[in-house]
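Features reported for this protein in TrEMBL:
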| type | residues | note |
| --- | --- | --- |
| BINDING | ARG79, ARG104, ASP131, PRO132, MET133, LEU134, ALA135, THR136, GLY137, GLY138, SER139, ASP200 | 5-phospho-alpha-D-ribose 1-diphosphate binding site |
| BINDING | ILE194, GLY199, ASP200, ALA201 | uracil binding site |
| DOMAIN | 7-208 | domain 'Phosphoribosyltransferase' |
Amino acid sequence: MGKLTIMDHPLIQHKIGIIRRSDTGTKEFREIVEEIAMLECYESTRDLELEDTEIETPIAKTTVKKLAGKKLAIVPILRAGLGMVPGMEEMIPNAKIGHIGMYRDPETLKPVEYYCKLPADIEERDVFVVDPMLATGGSACDAIERLKGHGCRNIRFLCIIAAPEGLARLQKEHPDVDIVVGALDDHLNENGYIVPGLGDAGDRIFGTK
Ligand SMILES: O=P(O)(O)OC[C@H]1O[C@H](OP(=O)(O)OP(=O)(O)O)[C@H](O)[C@@H]1O
Ligand SMILES: O=c1cc[nH]c(=O)[nH]1
Ligand SMILES: [Mg+2]
């Protein structure tokens, strides 16, 4: 089973408390989503391989660590996943970025894919799929299925808020995927929204409602 991390860091809990508030505006919402993504990226890159390299400080020769150069990719699920990209890029600036566009049909709650553009060598990369919300899990599972269809084998999924239903589905359908969750909420309501959640993440990031 892939590793599941539910973030208990005080900074993340504090920041999630702010974006849950219905009186938090678009600018602050977007900035905080970026900050949370940065902190989650820090957590999800714990196991990146390092190698030794010889350098000179102003005082002496020494051996330091550097990243072993594994190729990385960030793949946001549009739209809301785009809000997490700047924070991820800040931490892993050499990563290439792919995009998977999906919206959830409001009646069936099933994801509908409308766009997919991935780096040509995506199968050689460790992939970080990002989306703030994991509700029924349909969007995340389909996006990961798509990536596996392209040959990706090393996939992590990062979200800010998860419902227990979506988390269970993701772990069942993709047991190999490491998952980082900012907060695990209580349940889904009859419209498929996470309770207490934060509403529609895409609308809140882009100010479309
Ligand atoms: O786990 P699920 O039940 O699939 O729900 C989660 C999906 O719903 C939201 O996207 P939405 O369909 O609102 O599209 P948007 O990002 O364009 O707003 C969210 O950003 C996830 O992609
Ligand atoms: O609560 C939810 C569920 C799905 N998508 C969102 O943006 N919010
Ligand atoms: Mg939305």
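The backbone N, Cα and C atoms fix where each Cβ goes, glycine too.
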For MET133 (5-phospho-alpha-D-ribose 1-diphosphate binding site), nearby residues of its own chain (Cβ under 8 Å, 6 or more apart in sequence): ALA80, CYS159, ILE160, ILE161, ALA162, ILE194, GLY197, ALA201
Distance from ALA135 (5-phospho-alpha-D-ribose 1-diphosphate binding site) back to ASP200 (uracil binding site), taken between C-alpha atoms, in Å: 11
Contacting binding-site residues for ligand 3, chosen from ASP131, ALA135, GLY137, GLY199, ASP200 when the Cβ sits under 6 angstroms of any of its atoms: ASP200
Alpha-carbon distance [GLY199 (uracil binding site); GLY137 (5-phospho-alpha-D-ribose 1-diphosphate binding site)] in Å: 16
For ILE194 (uracil binding site): DSSP state (helix, strand, coil): strand
Residue among binding-site residues ARG79, ASP131, ALA135, SER139 with Cα closest to the Cα of GLY199 (uracil binding site): ALA135
Sequence-ordered binding-site residues from MET133, SER139, ILE194, ASP200, ALA201 with Cβ under 6 Å of an atom of ligand 2: MET133, ILE194, ASP200, ALA201
Listed binding-site residues with Cβ under 6 Å from ligand 1, out of ASP131, MET133, GLY137, SER139, ILE194, GLY199: ASP131, MET133, GLY137, SER139
Mean predicted confidence [pLDDT] for the domain 'Phosphoribosyltransferase' (7-208): 97
Whole-number Å value of the largest CA-CA distance among ARG79, ARG104, ASP131, PRO132, MET133, LEU134, ALA135, THR136, GLY137, GLY138, SER139, ASP200, listed as 5-phospho-alpha-D-ribose 1-diphosphate-binding: 17
Which listed residue (ASP131, ASP200) has most other Cβ within 10 Å, given these are binding-site residues: ASP131
Cβ-centroid neighbours of uracil site ILE194, GLY199, ASP200, ALA201, 8 Å, sequence order: ALA80, PRO132, MET133, ILE161, TYR193, GLY197, LEU198, GLY202, ASP203, ARG204
DSSP three-state assignment (helix, strand or coil) for ASP131 (5-phospho-alpha-D-ribose 1-diphosphate binding site): coil
Intrachain C-beta neighbours of SER139 (5-phospho-alpha-D-ribose 1-diphosphate binding site), sequence separation six or more, cut-off 8 angstroms: ILE77, MET102, ARG104, PRO111, ASP131
